[in-house]
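Peer 1: Mind having a look at this structure? Questions to follow.
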Ligand SMILES: N[C@H](CCC[C@H](N)C(=O)O)C(=O)O
């Protein structure tokens, strides 16, 4: 069956987006993997489905699938692309769009300057909510990885993140340590792994090895998790510019009881049709 899609990206974190409101889309993990592969399909980090609402007070439901076919709870760059998509496709006329996800409802705001501002909700810090195996909640945890000792922050933005502080993101062992921590047994649902370099109280550099996708050019929930972890360690201010390989995001997080705000771009690249 032929279905229409739009190829989009948020700072180079790229997506295939389907309107599953006006189209009937059925995707199994193998089909998703082929779709995400640049040789057998379109090629992307994640696939996004725009569906009719499921939660009260929301206008749409939003499902996210990694390139490995796994369905996940949240995607920050994808949320911004979602907002751009539903406006461009005429699925809504609103500038403020409440959306349901597997992690609960979030609110997307299309700004006059073309950026998208997203209320990503409150970070989850209790180990059981991340999920991460630890006796008590703490800003830092000791983690043995392949015989080496590391200190990590552990934060959920609906999806799980480990955050490491490094001297220089350029030389950080993303390709080796990222997969090793992603599959660490203390993260029963695997984990995204962020490598954060502090530039100043209001600025960091970040690289992210993403669960189910590998290193991406940007990770929105990873940027949120890094700022939360940095603030819990007393290293960062309330407003932080996060420089990722694909570009910059602004993350605002006042205090543990507050939600995390993420502001950044979202772009459509091309439209196409594919046989599913
Ligand atoms: N790989 C993530 C999902 C995509 C998140 C990322 N692309 C973002 O912008 O937040 C996970 O398995 O939780």
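Each position is counted from 1, following the chain as shown.
Each Cβ is built from the backbone N, Cα and C atoms, and glycine gets one as well.
As the structure is a computational prediction, the values presented were derived from the model and not from experiment.
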Peer 1: The substrate site in TrEMBL lists 13, 66, 76, 77, 159, 192, 210, 211, 220, 221. Which one of 46, 89 belongs there according to the record?
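Peer 2: Substrate site check in TrEMBL: besides 13, 66, 76, 77, 159, 192, 210, 211, 220, 221, the record includes 46 out of 46, 89.
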Peer 1: Looking only at 66, 77, 192, 221, the binding-site residues on record, which one has the least crowded Cβ, with the fewest other Cβ atoms within 10 Å?
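Peer 2: Checked 66, 77, 192, 221; of these binding-site residues, fewest Cβ neighbours within 10 Å: 66.
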Peer 1: Give the number of CB atoms, excluding that of residue 13 (substrate binding site) itself, located within 10 Å of its CB.
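Peer 2: That number is 29.
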Peer 1: Starting from the Cβ of residue 270 (site 'Important for dimerization'), draw a 10 Å sphere and report how many other Cβ atoms land inside it.
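Peer 2: Other Cβ atoms within 10 Å of residue 270 (site 'Important for dimerization'): 9.
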